[in-house]
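Structure first, commentary second.
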Amino acid sequence: MSSNLGKEKDCKEKDPKVPSSKEREKESKASGGFGKESKEKEPKTKGKDAKDGKKDSSSTQPGVAFSVDNTIKRPNPATGTRKKSSNAEVIKELNKCREENSMRLDLAKRSIHMLPSAVKELTQLTELYLYSNKLQSLPAEVGCLVNLVTLALSENSLTSLPDSLDNLKKLRMLDLRHNKLREIPSVVYRLTSLATLYLRFNRITTVEKDIKTLSKLTMLSIRENKIKQLPAEIGELCNLITLDVAHNQLEHLPEEIGSCTQITNLDLQHNELLDLPETIGNLSSLSRLGLRYNRLSAIPKSLAKCSELDELNLENNNISTLPEGLLSSLVKLTSLTLARNCFQSYPVGGPSQFSTIYSLNMEHNRINKIPFGIFSRAKVLSKLNMKDNQLTSLPLDFGTWTSMVELNLATNQLTKIPEDVSGLVSLEVLILSNNLLKKLPHGIGNLRKLRELDLEENKLESLPNEIAYLKDLQKLVLTNNQLTTLPRGIGHLTNLTHLGLGENLLTHLPEEIGKILFFFFFNVSFLFV
């Protein structure tokens, strides 16, 4: 390679602003995917997690938390110095790649403003990584890399691509996430060998009819753009396995989506969807369907034909009922989220509809009763969230929920907990905050696996002595009650790491509590009388 590479002129444009990790993955928790907030399963490129949620981002796993960058950052040198140093490194890498005839070139995170045109000499390359740079354009010479299979361009400031890229007949993966594209570059539609296309977090408003030319696509991610509709031609992508259109402005889906029968993951969360086509029932391979945060008022009956569905998230829509028998037909469903809708009662369908459910989230609805026997066949139900409903009592068979591990009944109108709570022997987390409880049953002492017990904002006047049997308890929240004394046995809870006693009527503590003062952070304030 010519030594003229060292004389490449430095670009003097300002460094573009790169969105923070919080901005890129703001949603969710939940959240996931779909309830853990959308987890976009993108492959990792060297040194970078190519993922969402978390989804989401979240990507965020519906569901489904995200990591924090704790990297120590050294002071930046003067801008001019950085550019010269960056170019020198690039030249060194290009020369090394040519001399070693390497098929892989990683130029990520080099603060590159302009890729040297001499890159065209590296025709042996099959992988080129340019993510996390400061590129505003690509030189046409990249089109000379006719053996490229992978081209990673995420986290730059690209607004277009050169037409010469249509020479890349072998390209299978193109990553354009986190750029400044206002449209899908026309050359992308001519890359007919593509199997994976990432366009997440751009400014794209339209998907053209030419998308049909990318018939080999198995993964298409166009989440976090400004797309208002998908063309009917999307139905010609018959090899699609994952379609991620979350965080856009879709109001409807084309009926032709039903032709994409290989899809297993369909993420439509955070759009403006008003309805779903009946043809969605043709997606016989569908295992994950994310519809949280839309404007749906009904679910088509045809969804019952999606018998492979494992996860269904309908959080934050306007749904008040489900088609009768829908859940019973989804024989592989393990995770169901119906939170933040308009349900006034449990879905019609009887006990069989929950026989495979592991996690059920009905939070923030208007449900006033859990029907007797509704979980009689729910042998694997481990997580139930009924927070923020209108429950005044619990069903008589409450004590038969023996597989329950996490139970959230917060923010209801419960006045008592049945004595047969003692039957919930697998319970590890019990949330009863914001209710009207005046006392706890003695059977609470049988929950030997309990790690967290939250009783904040009730009307408790005392605690049963049996609470001393909860030896695994790590968190006990009793804040905002009417307690005047504590049982002496509380001193036996040596695994506690958090004890909340604030806003009660306590005038003294039992001597035994001194045994645990050295083992945990003591969060307490007194209201003396």
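Glycine is treated like the rest: Cβ placed from N, Cα and C.
Swiss-Prot has this to say about the protein:
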type: COMPBIAS; residues: 1-29; note: compositional bias 'Basic and acidic residues'
type: COMPBIAS; residues: 36-57; note: compositional bias 'Basic and acidic residues'
type: REGION; residues: 1-87; note: region 'Disordered'
type: REPEAT; residues: 99-122; note: repeat 'LRR 1'
type: REPEAT; residues: 193-214; note: repeat 'LRR 5'
type: REPEAT; residues: 215-237; note: repeat 'LRR 6'
type: REPEAT; residues: 239-260; note: repeat 'LRR 7'
type: REPEAT; residues: 284-306; note: repeat 'LRR 9'
type: REPEAT; residues: 331-353; note: repeat 'LRR 11'
type: REPEAT; residues: 354-377; note: repeat 'LRR 12'
type: REPEAT; residues: 379-400; note: repeat 'LRR 13'
type: REPEAT; residues: 401-424; note: repeat 'LRR 14'
type: REPEAT; residues: 425-447; note: repeat 'LRR 15'
type: REPEAT; residues: 473-493; note: repeat 'LRR 17'
type: REPEAT; residues: 494-516; note: repeat 'LRR 18'
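Note on the repeat 'LRR 5' (193-214): residues 19, 24, 40, 42-43, 50, 154, 169-184, 186, 220-228, 230-234, 236-237, 244 of its chain, located 6 or more positions outside it, place their CB under 8 angstroms from a CB of the stretch.
The residues of the repeat 'LRR 18' (494-516), classed with DSSP into helix (H, G, I), strand (E, B) and coil, number 5 helix, 3 strand, 15 coil.
Averaged over the repeat 'LRR 9' (284-306), the predicted model has a pLDDT of 97. Only residues 6 or more beyond the boundaries of the repeat 'LRR 9' (284-306), in the same chain, are considered here, and those with a CB under 8 A from a CB of the stretch are 30-31, 33-35, 38, 62, 246, 261-278, 312-323, 325-326, 329-330, 332, 337.
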